[in-house]
Amino acid sequence: MRGRSAPAVGGLVLAGLLLAACMPDAPTETLTILAAASLTEPFTLIGDAFEEAHPGVEVRLSFAGSSELAQQVLAGAPADVFASASPATMAVVTDAGGAHDPQTFATNALAIAVPATASASASAPAVTTMADLARSDVDVALCQIDVPCGAAAAQMLERAGLDVQPVTLEPDVRAVLTKVRLGEVDAGVVYTTDIRSADGDVTEVIVPDDLQVPVSYPIVALADASPSAADFVDLVLGPVGRGILMDAGFGVP
């Protein structure tokens, strides 16, 4: 077999060095964030901003119903930061000693989502007011009662004096939104930010102010978290995080 010439070998070595120089460094730290499903869009952007500001740190995001995430924390799932859609769900973690001193970083409001005109069935009943949710011909989706969006919806409907019999109870607010977007139900109780995230697939029926239930989001670095967990919380609470959250329709304290 003929050997390569010295210039050819040198060229391969140089090419290898240049390729290695162009490849990004492997992350030296992984930060796992557990966040309520309604935070999907803003926290994805916040995660990107954090990685850009902290080279070498990889942010892994997990979105689900807050109650499910709290149980994951209690079961010992590896995680560094928990962002919940309610103080009550956060208390499940803090009362068990899984974290201390959570801080409120965002607020939201309830809304009724109905399929947009283009995607609604011609035979679907019109839902134009909150009272329509109690009609027997209207198929309604709600979150499960142990999920923040379900608990808030139950309080809202009780205040309104409405007896609503949902055809489905979903594990998180995005599952409710999906049911509405696909036209599988006539209406669903979600957050106002979910309406915005639906890209015109749903229309909002306004919940009157006097029937609204306070919705606030606490965040905390978990016990035994990675060193960068506190920095992530600071980013969420700071100007960058606040700006992203406001752009997504959240209120900020």
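Every residue, even glycine, has its Cβ placed from backbone N, Cα and C.
Record check: TrEMBL places Ser38, Val173, Tyr191 at the molybdate site, and the matching candidate among Ser66, Ser226 is Ser66.
Annotation note: Ser38 (molybdate binding site) sits in a helical segment as assigned by DSSP.
In the shown protein chains, 30 other C-beta atoms lie within 10 A of the C-beta of Ser38 (molybdate binding site). Report note: the molybdate site is defined by Ser38, Ser66, Val173, Tyr191, and the residues of the same chain whose CB lies within 8 Å of the CB centroid of those residues, excluding them, are Ala36, Ala37, Leu39, Gly65, Ala85, Asn108, Cys143, Val147, Pro148, Cys149, Asp172, Arg174, Val190, Asp194, Val215. Listed in sequence order, the residues of the same chain lying 6 or more apart from Val173 (molybdate binding site) and placing their CB within less than 8 Å of its CB are Ala36, Ala37, Ser38, Gly65, Ala85, Cys143, Val147, Cys149, Val190, Tyr191, Asp194.
DSSP assigns Tyr191 (molybdate binding site) to a strand in the three-state reduction. For Ser66 (molybdate binding site), applying a Cβ distance below 8 Å and a minimum sequence separation of six or more within one chain yields Ala36, Ser84, Ala85, Ser86, Thr89, Met90, Val147, Pro148.
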